[in-house]
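All remarks here apply to the structure that follows.
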Amino acid sequence: MKNLVGRFMRYVTFDTQSKPKNHHCPSSTGQKVFAQALYEELLELGLSDVSLDDHGYVMAKLPSNVNYPVPAIGFIAHMDTSPDACGKHVKPQIVEDYQGGDIALGKGDEVLSPIQYPDLHLLHGYNLITTDGTTLLGADNKAGIAEIITAMEILLADPSIPHGDISIAFTPDEEIGRGANHFDVAKFAAQWAYTIDGGPIGELEYENFNAATATVVCHGVNVHPGTAKDKMVNAMHIAAQFILMMPENETPQHTEGYQGFYHLSGATMSVAKSELKYILRDFEAIGLQARQALMQAKVAELNQQLKKGRVEVSFEQSYSNMKEKVEPHPHIIELAKQAMVACDVEPKIKPIRGGTDGARLSFMGLPCPNIFTGGYNFHGIHEFITIEGMEAAVQVIVKLAEKTALHYRQ
């Protein structure tokens, strides 16, 4: 456990932001550099079958230390950080024994405030790792990587802890939805796995959104503005009309829990052509279909108003709710709950308002729920993590390996 914080602090200095416009895998050079460093670290640690493939996937195994059959289990985390905030020159700072109030982030005016982030009220006495206010932290998901490797280090050092075969993997490009694209499930050779990619202590998740991307294209007519009367059709105005037709109360800032949403995530605007990017999310497959149908209806309505087919919409499916693939295997969740309780961690089962590699892997034959890292406020400059949460995640991984082995001894 003594290497955990230092390991994490070292990992976050790697610039591993994924790049959605680059369709190579991995999408950024920094991920290749980080993958190589992890590969070398796992070799040095003494794990077996350590590999780094051409797509940047790092895998390794810890062989069983018991003399009876135990299903192989896996632990997975991702190497990339979100493109939503700067991930270069990350300078983490440790706040020891937090006692409340605003936390100054670096030398500027940026603060981490309990007024804006009430979770801080629950963390008095904890040791926090924050950003310096200029970048994200990268706890999502370098904390998961540090926790998995530290857990393997503990198991290697203490053969008295029984465990079956354990596979670990670190994936590229999860943040841009491609983390499972080249994942070799057969090579990984686990019966089930857990992503270590959740938030606060105790999170255990096996439900996630059904997800799709919608592209709305508005076609206009560009004419010199000096002679544009009755000729110009401004595609940006059409796009604005469409935006206002969408239900405002079903956007991310107005939804929570099991509520789905429409999220306008980007736009490219010009008079001649404007393009809107939406992400659609719903926990029910039929609900996602209904959201797509509503957008198609709004496009038809707007085209009728314009008296011409100037607007079109297309959809791309992203991932599905893993619930249907995990629920038939209740022992996967039960063992995780038992491991948490044994570590004095209260399991908090909740839906993931997003997706993980585990969602797609579950549909590739590898049921894969999600476990906490101890982090908060991912994807932005106010991201932070508690050292206690990281330590708890390590303890849960170790205990989960042990509980699985003991379960199959009976």
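One is the number of the first residue shown, and numbering goes on along the chain from there.
From the backbone N, Cα and C atoms, a Cβ is placed for every residue, glycine too.
Here the Cβ of H78 (Zn(2+) 1 binding site) has 26 other Cβ atoms within 10 Å, regardless of which shown protein chain they belong to. The Zn(2+) 1 binding site annotation in Swiss-Prot covers H78, D140, D197.
Feature annotation from Swiss-Prot assigns active site to D80. Its Cβ placed at the centre, D80 (active site) has 30 other Cβ atoms within 10 Å.
The feature Zn(2+) 2 binding site is assigned by Swiss-Prot to D140, E175, H379. Within 10 Å of the C-beta atom of D140 (Zn(2+) 1 binding site) sit 26 other C-beta atoms, taking all shown protein chains into account.
With a cut-off of 8 Å between CB atoms and residues at least 6 apart in sequence, the same chain places S18, H78, D80, N141, D197, T356, D357 near E174 (active site, proton acceptor), listed in sequence order. The active site, proton acceptor annotation in Swiss-Prot covers E174 and rests on sequence analysis.
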If you count the other Cβ atoms within 10 Å of each Cβ, which of the binding-site residues E175, D197 comes out on top?
D197
